[in-house]
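Data block below; observations after.
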Amino acid sequence: MSFVPGQENAGSRSSSGSRSGNGILKKTTWADQTERAGNNGNRGRRNQPKQTATTQPNSGSVVPHYSWFSGITQFQKGKEFQFADGQGVPIANGIPATEQKGYWYRHNRRSFKTPDGQQKQLLPRWYFYYLGTGPHAGAIYGDSIEGVFWVANSQADTNTRADIVERDPSSHEAIPTRFAPGTVLPQGFYVEGSGRSAPASRSGSRSQSRGPSNRARSSSNQRQPASTVKPDMAEEIAALVLAKLGKDAGQPKQVTKQSAKEVRQKILNKPRQKRTPNKQCPVQQCFGKRGPNQNFGGSEMLKLGTSDPQFPILAELAPTPGAFFFGSKLELVKKNSGGADEPTKDVYELQYSGAIRFDSTLPGFETIMKVLNENLNAYQKEAGGVDVVSPKPQRKGRRQAQEKKDEVDNVSVAKPKSSVQRNVSRELTPEDRSLLAQILDDGVVPDGLDDSNA
């Protein structure tokens, strides 16, 4: 008695092929499938196999046999296709454990041409065939064959062929591959059709148009127990991408002092015109203090740089490289560099001047005007009209000495009002008396002497 995967009652023999003397159906060759498809064409709608090896001529090898199950596709290079002992045989209703033996066959898929003209080879897809069927129907279990991986249930006898009929795509659709609980899927591979509702819906729509018998088979397929092996492709691919980028998918990356210092140093190592200020490297560290020659940026924008929420709308006004070079006035100026003890090198400045013109029809015009008015010459507004050039912080010892000096200056000390008063206060010599008498006789009062001092 031959078993038919997906059917609870496997007692009926399949008529999809002629039976040989040993009770095993003959192989259904690629030519047989092509002829059958051509004969069915005059019925109005040609039956197409579902989830089978490719039937189109391509640069890869053509698989002339239809697997009972959907394939397993490789999506990550460098990974080996393998299962642990006793695992890897797809489960299907109607197949006893003793018949769960066979092999996975690697199908090398076609290559395609990329937009830049290069040929790229698609990663292979693997299909399962029961022992004694498929491309290597005559092989003995365990034979070393390139592109073949043998699997069997622990209760199966691998010395005899599996009594399983080969699939006729016009009568049986491929069964979505499912494994027994505890099966570990090879890393870097995913099951075709796993976790998707589209194949089920398409199967349902086809079963409605094919009559009650096919609907019964379709419903029996849907009653298969769900496998614990359900790889979520979205999570796997996201994890691979994050790992490639050096990020942890589990936790958000925290910015430490060390990482912020590294980011800041990386920015400052770039040429001045290539720097992008942000929270880790503020505007003034990148481009210096605000003043007449660098007059844009309020206090908040100076801290955040391009991370400021208002900056993106300003970036819409920034010229493109083409507009910068072809729409500006440029002048190349040679500058002196270094001191007497430094090596001489030629330094040039590409000085430019230009204008960016826009009008009230520009999207976000009012917001742009508001942000510009808040940040243009903001250094003057915040300092009451005085240029903001922050003095260098004084050291503690120098500041204490300055405070002590101020205290001494605050002490009141009597001081003479003029040098003449200081001269009057001292004792006069005979020469001074003679000179003073002569001046008084002439009636001339020297500066600084008045009646109160006489």
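In case you wondered, yes, glycine gets a Cβ from its N, Cα and C as well.
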Candidate sharing the RNA site with R109, R167 (per Swiss-Prot), from R125, R161, R178: R125
Spatial neighbours, same chain, of T429 (phosphothreonine) - Cβ under 8 Å, 6+ residues apart: none
Candidate with the highest Cβ count within 10 Å, taken from the modified residues S170, T177: T177
